[in-house]
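What TrEMBL records for this protein:
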- C:60-107: domain 'NADH-Ubiquinone oxidoreductase (complex I) chain 5 N-terminal' (DOMAIN)
- C:123-404: domain 'NADH:quinone oxidoreductase/Mrp antiporter transmembrane' (DOMAIN)
- C:614-679: domain 'MrpA C-terminal/MbhD' (DOMAIN)
- C:691-769: domain 'MrpA C-terminal/MbhE' (DOMAIN)
- C:29-47: transmembrane segment (TRANSMEM)
- C:77-97: transmembrane segment (TRANSMEM)
- C:128-149: transmembrane segment (TRANSMEM)
- C:161-182: transmembrane segment (TRANSMEM)
- C:239-260: transmembrane segment (TRANSMEM)
- C:266-287: transmembrane segment (TRANSMEM)
- C:319-343: transmembrane segment (TRANSMEM)
- C:355-379: transmembrane segment (TRANSMEM)
- C:456-475: transmembrane segment (TRANSMEM)
- C:573-595: transmembrane segment (TRANSMEM)
- C:632-650: transmembrane segment (TRANSMEM)
- C:695-713: transmembrane segment (TRANSMEM)
Amino acid sequence: MSNLAVLPIIIPLIAGIIVALFNSKVPITRILTKILSIISLAVVSYISWLVFTEGAIILETGGWIAPYGIVLVADPLATLLVLTTNIVAVACAFFAPHALTLKQEQHYFYAFYFFLISGVSGAFLTGDLFNLFVFFEVLLMASYALIVLGGDKVQLRESIKYVLINLFSSILFVTAVAFIYGAVGTVNMAQIAERVSEVDQDGILTTIAILLFFVFATKAALFPLYYWMPKSYIVPNPVVSALFAALLTKVGIYSILRVFSLIFVHEMELTHQFFLWIAGLSMVFGVIGALSTNNIKLIIAYNIIPAIGFIIMGIGVLNEDALSGSIYYLIHDMIIKTVLFLIVSVVAYVAGTSDLRKMGGLIHYYPILGWLLFISAFVLAGIPPFSGFIGKFLLLKGALAANEIAIVLVALLSSLLILYSVMKIFIRGFWGEKDESGKYKMKSTKGFIAPIVFLLLFSIFLGIGAEFIYPSIESISSYLLDPQLYIDSVLKE
Amino acid sequence: MEIIIAILSGVLMTTGVYNLLQKQLLRIVIGTVLLSHGAHLFILTMGKLKTGQPPILHDGIENYTDPLPQALILTSIVISFGITSLLLVLAYRTARENNTDNMEKLRGTENE
Amino acid sequence: MLFAVLLPLLFAILVPMLSKWKHKIHTGIFVFFIPFLIFLYFIRFVGNDFTPVRQVYNWIPSLGINFDFYLDGLSLLFVLLISGIGSLVVFYSIYYLHVSERLGSFYVYLLMFMTAMLGVVLSDNLFVLYTFWELTSISSFLLIGYWHYRERSRYGAQKSMLITVFGGLSMLGGFILLTVITGTTSIQEMITQTDLILSSDYLPLIMGLILLGAFTKSAQFPFHIWLPDAMEAPTPVSAYLHSATMVKAGIFLVARFSPIFATYEWFFIIVSIVGIATLCWASYMAVRQTDLKGILAFSTISQLGMIMAMLGFGTKAAIFAAIFHILNHATFKGSLFMVAGIIDHETGTRDIRRLGGLLTVMPITATLAVFGTFSMAGIPLPFLNGFYSKEMFFEATLHLNEVVNPIANVIIPLIPYLAVFGSIFTFVYSMYFFFGVFTGPKQFDKLKIKPHEAPIGMLVSPIILVVGVVFIGLFPNSVNGTFLIHAAEAVNNAVEIKDIHFWHGWIPPLFMSLAVVGIGALLYLTREKWSNVYHVLPGKMSMNKVYDGLVKNVDTFSTRLTNTYMTGSLKTYMSIILGTIIFVTFIVMISTNGFNMEFNNLAEVTWIELAVVVIIIIAALATMFTTSKLGAILITGVVGYGVATLFVIYRAPDLALTQLVIETVSVALFLLCFYHLPKLEKRKESTGSKLNNMIISIGFGALMTLIAISAHSTEWFDPISDYFIETAYKLGGGHNVVNVILVDMRGLDTLFEIAVLGIAALAIFSLIKLRKDKEAE
């Protein structure tokens, strides 16, 4: 037993309180944020190293043995996601001062930022279903605060929809937890898993499972529950959008991954087949959305949906290759979505508009930005040797091995359209005649580029250096495929 | 009685959702409040109702009601309160900034 | 070999630096040495006793993705084409591209392409092959869009990318299926498992997906449409990528997989039909073009179709002819593209209608063009290599394998006629190209530049290629045993080495050739009279229109579809979300037989409770109908206090207290916030909308109740709470179990519950502060 598992949650919480105290002195909060986010990343890296060399760290909080107290389970999957979260967070911490207005910084941006990280890490680490709800609320509350930051008309308008839909899904979540408690008499995930398997996932449990799926699917922005997402992701400050894209929907999909690989795995014919349908429809409708608009931020926001579709496809197939693919894709997507949101926000900033129809020839002024976008488009679409390919390759291989041909064809076609939707920005926005009117008078992109490059390098390494990473992912998925391992490590019976 | 409470919670949720589907902000917020009440009663029902004394330990009493749902509800009540407060302020600000409390007028168009 | 493949890419890193000195030394001079060195490296493998070489470098061994280079005869042929033509093209580009152009970008893309193409033809590993394959598409995209300030360039680049990446992705699907079936990622190992693949249920799918990749890349009908638009690229690029190398990647792929699919009848049928159709359609269309590069583009498409068809025939003779023609086509078409580039460069136009009579001013270019066009036309002269392979093609069409299949039975007798048909038009456009440019009336006054012969440096590369044309024509056997045999062997084991002769005697292929020349000449001379036929076919039909329509429709359709549901209306969103949840969950509940109800062990019903319940229900219902702001808020308060009363009844004192306090504060907050807001209105709604709301809300409430009853009725397990009651005092030190749980056992919940409140407070504070800030402004 080690207290280390709580650090990824506590450090950002304390950091948030500290920066909230220094709020009036913006230069100090900026530096503090950078330092604290790096400290957090360092600690998480150390924990990850421990977990990957010595196995999962289980923390029974307050010393109360599972399943009675709340357990934190830093297993490889959770740790990997926490690590990725922190990598993204560091990049955003360095990007933020350049993108935010002083007003926004003074309105506690940095504090909310840390609370968000804390909630997200907690959601990844907890082994208790009700506690998961609590962490969901932490991250949602932080996200509510972040989304209204600045308080434009448009922002308020979209925020209230965002808050209401998420509030509804939270209520549904707590109700579903109640039902689970009613049926199996516990809220500890390992014990739920054990008990569900003892009664062979009776019909009512499958019903509750689907209810729980919808709760997470709403957060994950899956078809047909994603309506709240695209527009509410483009109204806040770009850093906030990037954080949301990287983390919020991913917490939802992580929860589905956890719950439907650990607990509800006894009615695969029904639940997981259903996931494949959802996956296919998410891919189709996501890319259709991405193609429907000329707003570059909206293009990227819609692209979140097919990515989530890819991940859930692996959960639907649930064999080792497909699951590895899902996890790989999850990590990949957290990073590349942040990159893309940051890039398009800079593009919108230098072009003075988000409307693709009003841009052109940007590459003459901003070549580096253009090439970053170009590479990111291929990373996103899963063109080798970049990271998206490895995930997609594994997903498709797993799906084909399970004879799921149709979903593979949909996935391939949607990859093409994803590429098209993002390349459109490059072709129409960056290519073209040099604008001499001074419309794009040189705006400095100093400070924007470094965090983007930092993340993009990670992403490229995930692809080219797959040999270093894949074995860990493979061990995670084989671990997930045997729920008993998780149950035993938590309940120690 | 559990069944009656379950039905009551169902009714609360029904009215909650009905209000949620309205146009005016106040009704929508009230809808969320009703939904939370429904959820809390569901939790309460899931521990067996009234099978014993309040879970405050006294010598000689063997039979207590299930304390865990109560703890969960308490956490949930506090969280709901936090969100409701935020929602109220947000609703107020939104209505003020946009000069309407009608959600159907808050649709927004693309590319703004 | 890894180094040889990656050398161009590595060198590309230096190019931006070298291009800074471009005004002193043309960047192309440095770049030229790269393909040339690679050519020298690989040329030493050529010889009669060549045996395949394999070199493996690990990349991602745990996924079976490695740089597994396999140099056999087929790869060797392609590698030499890539590096050889590559050297000539780079050399040519030194004179073609002015230093004021963005030379750095140009050569970076070109070098990237070299690595990619070398990788494609050398990789034995499917996924490394795929990686390089997509890289060729990307570099081609960039090169086509090189002059991206032109609308046509952007259009062409996007089109080529969409079509070739589409093919690439479908090919990937086929590759993964193959890997799943055979358990290996190596093509050569798959060839040893041919029987397994041929007996798979997925065989048609695998072949279809892979062929889609090949057909799109090699511009086969109906995917050929991207190639003419790719002519927006600088001419050296057209000569290199879009004629000699990249477009042959599809041919290469089909050749590579021939050993696996050759005995599958549908392979023969599809590849032959597509190949022949492409040959005929493109050569027919080429005659209509007015742009020199347009003619050459369609010509390239048709020649690729011819090679594809021969691979489809699958007979030993056909495959040998296909290999031979790959080489020949690279020589004569490469030289012709360079000729077109020279004409463009020295006259300022590529429009054949404005050209004419250049023979006297550009004699060397004209000579080169004679050899190129006549070889392409397949005119029976002993010093033109095009004739040899063309005649072998005719020969092959006459000796096809027997295939028992109704469709095959129909097409086999037709193929020779179609082959002649396509070749006739090849003859016509070849003549049109040469005579249209170099003979006829001079109209120099219509040109921007006064035409003159090209500088010698620009002529070197096409001269070398034309020398190749003549050399192979005169001594065809010099490349036979050393080179072609090994390549053919790789496609179709054990090829008998036979000498290539010019004269075979009066046999059918010769008559076919003569027919081509005769009818072709006639058609060429009378072309004005029959050119109206193009108004009938293709007339208004064209694959281009299909493509444009598709791209446009995808955009408008997606916009329209998305706008129908992304209305921005919360009500719509909620209705869809709720509707889905209710519908799916009900179905799951029914199909899993999830409902159960148990009346034992229920608490008694008392009047007090019932009264409270009724009050709450009435209050809840009243919220739906009240039109007074104050009333609505107070009624909501009644519900809250009612719930608190229930908490009292159900032995939850802490809850009751908390609920009371919070309810009071909430009501106050409600009043504060909504005091200034507009009044509640009577709902003006259509009955349909009302009904919709009713159904959804009742459905949801009913669903939740049913699940609650079922969940509650299960009696499988005891809740874990007994432990809390046992240990609350002993270990937790408190009498109030709920409190002990909150602060100790589930302390983390409470900590973060407080955090939530804190964040909410901060958020509210920031919202209010915001308002003050705004008002201050």
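The backbone N, Cα and C atoms fix where each Cβ goes, glycine too.
Here the domain 'MrpA C-terminal/MbhD' (C:614-679) has, by DSSP, the following mix of helix, strand and coil residues: 55 helix, 0 strand, 11 coil. When pLDDT is averaged over the domain 'MrpA C-terminal/MbhD' (C:614-679), the result is 88. Listed as Cβ neighbours of the transmembrane segment (C:573-595) (distance under 8 Å, sequence separation of 6 or more from its ends, same chain) are residues 565, 692-693, 696, 699-700, 703, 706-707, 709-710. Broken down by DSSP into helix, strand and coil, the domain 'NADH-Ubiquinone oxidoreductase (complex I) chain 5 N-terminal' (C:60-107) contains 32 helix, 8 strand, 8 coil. Long-range neighbours of the transmembrane segment (C:456-475) within the same chain, counting only residues 6 or more positions beyond its ends whose Cβ lies under 8 Å from a Cβ of the stretch, are 85, 88-89, 91-92, 94-96, 327-328, 331-332, 334-335, 338-339, 341-342, 345, 364-365, 368, 371-372, 375, 381-388. In the domain 'MrpA C-terminal/MbhE' (C:691-769), the DSSP tally of helix, strand and coil residues is 65 helix, 1 strand, 13 coil.
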